[in-house]
Amino acid sequence: MASIEENFPRGGIQKKPSEKTGKAPKPTTEQDNLFDVRHEEQSQKRKRNQEDLGKRKKFKADRKADTHCVLFLFSQHLCEGMLLLGCIKEVSDFELVISLPNGLTGFVPVTQISDAYSKMLSKQVAQGELLEDLHSLLDMYSPGMLVRCIVTSVEKSADGRRSIKLSINPKNVNKGLHASALTSGMLLSGFVSSAEDHGYLIDIGVNGTHAFLPRQKAQNYIKAVKRGQNLNCVIEQVKNEGRIVRLSVDRSEVAASLATEQQNWTLSNLLPGLVVKAKVQKVNPLGISLTFLSSFTGIVDFMHVDPDKSMNYSPNQVVKACILSVHPTSKVVRLTLRQSFLNPGGSPNQLSNDRMGAVVEESTVKAFYKQFGAIFELDDGTHAFARLKHLSKNRKSFKPAAFKAGCKHKCRIIDYSLMDEMCILSLKYQVIGARFLQYQDIHTGDVVQARVLALKPIGMQVKVTDGIKGLVPSLHLADVILKQPEKKYNIGDEVKCRVLECNPAEKKLFLTLKKTLIQSKLPILSKYEDAEPGLITHGFVVCAREFGCIVKFYNDVKGLVPKNELSAEPISCPDKVFQEGQVVKVMVLKCEPEQERLLLSFKLSSMSASEGKTVSNTLHPSMVDVKVLKKKENGLEVSILEDEGNVIASLPTVYLSDFVANCKLLWHCLQEGDVLPRVMCLSDKGDRIILCRKSAVISALQEEQVVRNFSEIQPGMLLTGYVRNVMHFGVFVEFPFGVTGLAPKSMSDKFVTDTKDHFVVGQTVIAKVMSTDEEKQRVLLNLKVSECSSGNPAAESFSLLNQYFKEVKEIRNLLKRRESGIARSLCELMPGKELQLVVQDVKEDGSALFSGSCVKGLTVTATRYHLGGRQLTENSQHSAIVQHIAEEFAIVSLETGQLAAIPIASHFNDTFRFDSEKLKVGQTIYATLKMVKVNDHGVVLAVQDPAKKNVFVRVRKESETTLEEMLAAAVTHSLSVGDIVTGTVKSVKPTHVTVAIDDKLTGSIHASRILDEVPIDSFPTHTLKAGQKVTARVIGGRDVNTHRYLPITHPHFTRSIPELSIRPRSYTVFLFVCFVSSQYNVLKNWLEVEVTPDVRGRVPHLMLSPSTKVLKHPEKNFKNGQALSATVTGTGVTETNLFLSLIGIPSLQQSTITVGVIAKMIPHVGLTVTLPGGKTGKVSIFHLSDKYTENPLSDFKVGKVVRCYILANENGKIQLSLRQSRLNPRNSSKVEDPEITSTKDVKKGQLVRGYVKSVTPSGPKKQTKKEKELEKQKKEKELCKLEAALMDPSRQPQSADDFDRLVLSSPDSSILWLQYMAFHLQATEIEKARAVAERALKTICFREEQEKLNVWVALLNLENMYGTEETLMKVFERAVQYNEPLKVFQHLCDIYANSEKYKQAEELYHTMLRRFRQEKSVWLKYASFLLKQGQTEATHRLLERALKALPTKEHVDVISRFAQLEFRFGDTEHAKALFDSTLNSYPKRTDIWSIYMDIMIKHGSQKEVRDIFEKVIHLNLAPKKMKFFFKRYLDYEKKYGTEETVLAVKTAALEYVEAKSSLADA
């Protein structure tokens, strides 16, 4: 394709016919595909093939106009090393966003600015503080600046988009330039490298060249030259073959600069941004081909033709052009003819802010390019470009005919290309109608739909639109903090968010997923100026401290709720009441916008009337009348009449009644305008009041059988609530005031396969509180009817039935008013109403058909059984046949012919029946009448009698059997006691294991029936796993409904749940071990345990342990299923409830020590203490402490657990003492105020302190003058005696004051400080010991490094023994900071090893090996540690690592030391091998020989020692060293050998001397 080569050569010098083969070029046809990228980069082989193809093909003459290969630039055309001219579009802290030709965008990281700037960044990071002369990118660059770039990489993301990474570093951009190629007049870009006295050094990226910019010239055009700043420079002068150049930044010179042939530009160093004079070669609608610098060719695409002259270009016309890009391999040069780029140093035209995102109703097509897009003319006359993909929704819907010149379209401006000076358009209707196009379109408080992109530790990344991404912080993922958000959200999920903060400049968007904030209709508080006093809005708690709560709103607006404004009732610990992230409704009290101070309140009493009632209803549910406004799918929208209809509320369908069947009926019957009286305000969620009409919930509230907050909940409570949610693992139940609890699947009398079969959302239930978790604010509930009922099922079921028919009467009255026709007739028909009917037919079975005007359209029948009968009486029992079954009741006919209604459920929670338990039409049952007077519904009320068997009668022919026995509810079995069964473990609970014996029958193994010998504190049930096969013996059974233990003689034993045992030795042997059955009951102060399946027990608080630590937190020390050894102290009434003790029978004899709980504090008298066994004792004020204090009761409070010493126990009165001298007599610390029990304890001259016991009316006796004088002399003698004692140097310190005096005299002595610490530790005063250590570290002189290190080591020991791992690490980090790190590491390793914390020690050694790998001592110390642990193989591997890490000169010494350690703690044979191999390699190391000899003399045999000496004396060593070894050998033989061995050594020495003499003579 010669024409393509001629018209648009691939860069380089234009070829002439003579340069080829001398032949004239053959005429060829031209290509239609002008922008095909394949023409830019292809092999020579491909070129030849195309040329051959061009010779064969012939095209029509009408294709001449658009046959030139002008390439449009796509991101896939870019490659590494391509040079481009770009324009800065955006500037951020860490990157520049660059606009590139043809609408492309690239990014320059902060590390690709220049080498000098990168060095300064690295220096700042290393120093950790800001550098004064390091300017940010925002200070040096601004949008609109033109920069030269080079492509460093083009990365393709997962969604198929390409990210273009660029560099403006002159070292990369100007890499094609060499010093020798530099000439005057060249236009280069450079960066300020440094400031000198007379100017600036400029980095132009040319190796071996120093560029200098005179200060005077620079200051004329640049106000402040900054280091790292980009400058357009013109070379003024070149010296020393380009090694030194002088630059100019004169704007006129830069603007007028022109690349000329004299500057010797080549294709390898041609730079973008150069302005050249060019000659038009060919003109085409898609672009123009040019020649420039005499021999170079280039192309101008249709977007870079000057719009004012686009139709006026002609061949051979001379124009000015600016180079846009240079391809590194094909050398294709692209240029622009736009005026903004023809004056270097200028900047392109920019778009006004109000046009971005604007919708243009009519834009006219100017030109359409089928492979790239279309050029449009906008309403303001400017041109814009739309890429092909933005012309239609997809390729299928694209119609080229719609884009002929002159066609008009609606479009939207989605971007602006600075390098093309054109708006970028989109014609897609979804883009035109999009709510958000850029960050500027998003406003605080907007509710948006987003898609989940990723879950990260800081939160969830979401995508709002293609160009807008946001972050939902982890605090805002839900109304509560989620620990595992990945379980709630999946990547790709659509979520509804609300904008918390939007910063378009930094492209940062923060959103929230808190439903309360999203649904809130209260005003948005996004700036302090909007916070007017009285404003009520929603916020979220970010901090709760003792001073109050900090609440945050939108746009980082935050305020303080002081402690006194948290609630109407005082709150002592706000951090326990309010949680971080909790959404709250607050009222503004005061705001100071200038200081950004905001004062808030949670007390909303001062707001407007309607709002006030809303909140008061939330805090204190009350009864209101409401009017129906609108019926919705899931409920009613009503207005509260008490608020004059201003307050709108919601009454969900499921809250209309306690009975699920009536809820739907009521919703159907109620119409707009109906008034409902006595409806309860249940809650206020997100500005939406929720109402409730459940009579059971209302009754519970009126009877105060509710809890208002979590703190009021206690185990054992029965609470009325409603099902909030039904999950596969259990049911969530909500109560009034918003408290919610979970009832697991196991909390039912029957086996639950699917919870949805048992409960529905909104259903009323009564729940029993089983346990609470204050830390996690969780409540565990029980819905078993056996646990939650009052014990009288007949009364309960009758009450439910009565309430049901009351509601049915209300529904009937509503239907009478509303319905017409048959429905109205049915409502007016009541059982018991007399009718005038005509018999129509009598059937064979005796039944009759009737008709009449009052029953028109209805079928009326009467069976032969309804004959009338006797008078009914209350509580009489009757046989009845089931005629009809509804959801809540069944209609039965009595033998008297009357109808009765019986309840189906006996309790709110009785919601599930097996098929065998369900009533069936025709079934005969026995019923007890409860109301014989016919009620408004025409039926008498009765309850089912469970005492007699029910029979089933189905509709039958005369020949069929009339009665069939009903199947029993429980699975019957033929097992008896002693039978051996095999089953599979189904589930493992703390106190029992459920075993599946076959498909229908399950058994239970109690914790006491698993092991013969139960280890104390173990969990026997944990020895079995789900799915495990077990063989067990039947030992009893449990009742199906109540789970109570049944004896083998019980008549229902064959229908019970078998109780099993797998104890191997004997199935009857019984050891007295009990098992914890539930958590410690804080309310009752006892621990509930199970001894056997039918024997339970309670352990009172003080019987749990003799340790005060355990008694302070019993709930942490006893777990469900834990085995305990107990002593029986008494039995209950039934003898199956035991009173137990875990400490044996408590002995309260004189001189014994026990534990107690302070029950009462009496000022000036003492304490009353509750003791084990329920007894009480008295502690006198004189026996509270060994030290006199001004306020002796200040350290005590009611409920505190204390250790007591029993002074006396006489006549039931127990006297106690809390003195440490009584409780810890071995404690050596001195008693400041000793106990005085008699006059013998007082010595003459003794100083005593105490408390006044009583004061007589006469007062104290008056002293005489002589007595006063004697007392004065006595005090002086005592003082002299005390001073003499203090001056005695041999006296040991006895008190803190003594130590204070000593350390004052010798402040740098670490021994004294350590003794001071030990003094406090003996008295278990840990904090005081810590304080002494901190004083020592501050007091000891900084030069005394060893003394300070001693204190640090003592402090590490203290934290290791008495502190936590966290406190130890904090001290360790400080010690490393202030001491030589290696010593501190080594001391901590020793501390860990001495305290047998081997795992921590090993981890620390690994850290040391990484940090101090060049330290020989570290390797040796770790080797010693490993050998002491018996890890010889690990030591061998460690030696190999040590030899790799340490210098070669240290190897011999290290091997020797390892061998010595092996001799002491490890393998002696391996140690010998180490020594032998070392000495074979280094035979002249006499020091190693000596060490080896010493060790072998100590540990080896005489033969081995002699072998070593023999080796040494035959070495060729210096005579002085040989003399030393011979002497050692002789001494050894004299000590351990015989005369012969001594003589042999002497002979050998003589031979050595003679050999040396003869050698010397020779």
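Cβ atoms here come from the backbone N, Cα and C positions, even for glycine.
As recorded in TrEMBL, the features of this protein are as follows:
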COMPBIAS  35-54  compositional bias 'Basic and acidic residues'
COMPBIAS  1219-1228  compositional bias 'Polar residues'
COMPBIAS  1229-1240  compositional bias 'Basic and acidic residues'
DOMAIN    81-169  domain 'S1 motif'
DOMAIN    185-250  domain 'S1 motif'
DOMAIN    273-338  domain 'S1 motif'
DOMAIN    357-428  domain 'S1 motif'
DOMAIN    445-514  domain 'S1 motif'
DOMAIN    534-603  domain 'S1 motif'
DOMAIN    716-784  domain 'S1 motif'
DOMAIN    978-1051  domain 'S1 motif'
DOMAIN    1151-1219  domain 'S1 motif'
REGION    1-59  region 'Disordered'
REGION    1219-1240  region 'Disordered'
REGION    1253-1273  region 'Disordered'
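In this chain, the domain 'S1 motif' (716-784) lies apart from the domain 'S1 motif' (534-603): fewer than three C-beta pairs between them fall below 8 angstroms, excluding pairs fewer than 6 positions apart. Using a Cβ-Cβ cut-off under 8 Å and counting only residues 6 or more beyond its ends in the same chain, the compositional bias 'Polar residues' (1219-1228) has close neighbours at 1153, 1183-1186, 1203, 1205, 1234-1235, 1322-1323. Residues of the same chain lying 6 or more positions beyond the ends of the compositional bias 'Basic and acidic residues' (1229-1240) and with a Cβ under 8 Å from any Cβ of it are 1182-1183, 1186-1188, 1217, 1219, 1221-1222, 1248-1250, 1294-1295, 1319, 1322-1323.
In this chain, the domain 'S1 motif' (534-603) lies out of contact with the domain 'S1 motif' (357-428); the count of Cβ pairs under 8 Å, excluding pairs fewer than 6 apart in sequence, is fewer than 3. Mean per-residue pLDDT, taken over the domain 'S1 motif' (185-250), amounts to 82.
Against the domain 'S1 motif' (81-169), stretch 185-250 shows more Cβ pairs under 8 Å than any other of 185-250, 445-514, 534-603, 978-1051. Spatially, the domain 'S1 motif' (534-603) is not adjacent to the domain 'S1 motif' (978-1051); fewer than three Cβ-Cβ distances between them are under 8 Å for residues at least 6 apart in sequence.
Note on the domain 'S1 motif' (273-338): DSSP counts are 0 helix, 35 strand, 31 coil.
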